[in-house]
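One structure is given here, and the rest of the page talks about it.
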Amino acid sequence: MREMNLLVTSSLGVLLHLVVLCQADDDSELLVNTKSGKVMRTRIPVLSSHISAFLGIPFAEPPVGNMRFRRPEPKKPWSGVWNASTYPNNCQQYVDEQFPGFPGSEMWNPNREMSEDCLYLNIWVPSPRPKSATVMLWIYGGGFYSGSSTLDVYNGKYLAYTEEVVLVSLSYRVGAFGFLALHGSQEAPGNMGLLDQRMALQWVHDNIQFFGGDPKTVTLFGESAGRASVGMHILSPGSRDLFRRAILQSGSPNCPWASVSVAEGRRRAVELRRNLNCNLNSDEDLIQCLREKKPQELIDVEWNVLPFDSIFRFSFVPVIDGEFFPTSLESMLNAGNFKKTQILLGVNKDEGSFFLLYGAPGFSKDSESKISREDFMSGVKLSVPHANDLGLDAVTLQYTDWMDDNNGIKNRDGLDDIVGDHNVICPLMHFVNKYTKFGNGTYLYFFNHRASNLVWPEWMGVIHGYEIEFVFGLPLVKELNYTAEEEALSRRIMHYWATFAKTGNPNEPHSQESKWPLFTTKEQKFIDLNTEPIKVHQRLRVQMCVFWNQFLPKLLNATACDGELSSSGTSSSKGIIFYVLFSILYLIFY
């Protein structure tokens, strides 16, 4: 009996010792001492375990008061302990009220209080804390007019936990707050949102080692405006040393909506002034007046500055300023003037449908959206707002089934393709072909799985932005009612992304599964991402992308000064004849 008591006592002692050790380990992970100051974590559940999260760490001084529109300034070190247990404010932005209460649109709206004091980042760290883990840094999208790092769809805990990476998300100013551009002014130089991102990258570079991450392994990834931002950091000399690899989801930095000239940036700033009744005696007067306005006053009129009615165009975006971007994006791509590394990138099947719903006549989330011929023609004009009449005729000819041109479904799907090809897919294909000539390894995907629980109507297909939930592991959450096949797809995508971040190659070195091939300019191979076994294809939408990337620009350039070909009446037939002749010559010589 005495021996049994001793055994029990000894066992209890061992257990208590283990508990103390575990508690000590837990306490050692509670605080992180960064170069800015001490940060206290929160411990959050993930699947059947836990992970450490550091939410709302400041990386810049609040851009408020006279700091509105200025470049960011680094956060001054703090004394005491920064409590990083709750998400930060969302940046001031336009809120989508088109479909109040509808979860498909509400999921993208701010879910925290909006404030100009919003420059914070979030970090998810596996537990126990790793020694030198790969770092993945997310940049959200939203057309440079909206977006928040705190959205449920961007919760980094599943990706960090399942793939054992340190996951970071940052915030940056959007709309006029981040991209008002008066070139030559230090008070509103433009590209402040991109500089916010760069400052966050610098903070991560300087401090991520204290969280168990390796600063030499940072992979940037982002979607839509986020992936345009990622591409812009690839191009910008001042950003290149702050990360190693890049993942671009749904597009590239050269998309037609993603940047404007400094002259157009200034015109939009002046137009904002006019809408808010500000004085235009000088840039200083204009900026001071805009600083005195409430944030919502700027947001309420920001769409008024666009030069024409359009789809997939946004008011305040990056400018090609000669500083962040030394020269035009095209000249930098042609010269190989960018960071040469491995990139993984791709698009979704129906990149255009979301934007048609918000701007084109005849489209509705509550119907099949069968589009009349008249509405189709109106949609073409909105989709290619810079084109003259002959250019619009060319787009119409390219995307019309002339055996069935009054078919409402074909007209609907044709506009979906026009918007997606013009604004996302074909700019990406132009970028990837230019980049691959100089890069060190490129992988291309085509995401074509429509989630089983998607609340948007069937006609919208595989929508812009709806691969993100698979990248961040939401199908692993049983309560969200994804299928087992979708959970497997999400795990596969997360593993592709993380393996690429770790090695520069999404494939497992010794896996017997089908391989994701390198993209080359000659073969242009890519894979489908869906619940089926991997399939390899070549030359993604090559016919349409030759039209957008080569033919249409030459056509518009050739007819830019010919007023007759842009007028109505009898010149329409002249335009068709010119188009046909130009097409024949193009096919012969190109």
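Cβ coordinates come from backbone N, Cα and C, glycine included.
As given in Swiss-Prot:
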type	residues	note
SIGNAL	1-24	signal peptide
CARBOHYD	Asn83	N-linked glycosylation site
DISULFID	Cys91-Cys118	disulfide bond
ACT_SITE	Ser224	active site, acyl-ester intermediate
DISULFID	Cys278-Cys289	disulfide bond
ACT_SITE	Glu351	active site, charge relay system
DISULFID	Cys426-Cys545	disulfide bond
CARBOHYD	Asn440	N-linked glycosylation site
ACT_SITE	His464	active site, charge relay system
CARBOHYD	Asn481	N-linked glycosylation site
CARBOHYD	Asn557	N-linked glycosylation site
LIPID	Ser567	GPI-anchor amidated serine
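You'll find the Cα of Asn83 (N-linked glycosylation site) roughly 16 Å from the Cα of Cys118 (disulfide bond). When the neighbouring Cβ atoms lying within 10 Å are counted for each of the disulfide-bonded residues (Cys91, Cys278, Cys426), the highest count belongs to Cys91. When the Cα of Cys289 (disulfide bond) is compared against those of the active-site residues Ser224, Glu351, His464, the shortest separation belongs to Ser224. Taking the recorded positions Asn83, Ser224, Asn481, Asn557 in turn and counting surrounding C-beta atoms within 10 angstroms, the largest count is reached at Ser224.
Closest to Cys426 (disulfide bond) in space, going by CA atoms and restricting to the active-site residues Ser224, Glu351, His464, is Glu351. Cα-Cα distances to Glu351 (active site, charge relay system) place His464 within 10 Å, out of the recorded positions Cys91, Cys118, His464, Asn481, Cys545. Asn440 (N-linked glycosylation site) carries neither a helix nor a strand DSSP state and counts as coil. Ranked by Cα separation from Asn481 (N-linked glycosylation site), the recorded positions Cys118, Ser224, Cys278, Asn440 are led by Ser224.
Cβ environment of Cys545 (disulfide bond): Asp421, Ile425, Cys426, Met429, His430 lie under 8 Å away, each six or more residues apart in the same chain.
Classification of Cys91 (disulfide bond) by DSSP places it within a strand.
Considering only the recorded positions Cys91, Cys118, Ser224, His464, Asn557, the residue whose Cα is spatially closest to the Cα of Asn440 (N-linked glycosylation site) is Ser224. The closest partner of Cys278 (disulfide bond) among the recorded positions, by CA position, is Cys91; the full candidate set was Cys91, Cys118, Ser224, His464, Asn557. His464 (active site, charge relay system) has a Cβ environment of 28 other Cβ atoms inside 10 Å. Take the CB of Cys118 (disulfide bond) and look out to 10 A: across all protein chains shown you find 29 other CB atoms.
Distance between Cα atoms for Cys118 (disulfide bond) and Asn557 (N-linked glycosylation site): 43 Å, as a whole number.
Looking only at Cα atoms, Cys91 (disulfide bond) sits nearest to Ser224 among the recorded positions Ser224, His464, Asn557.
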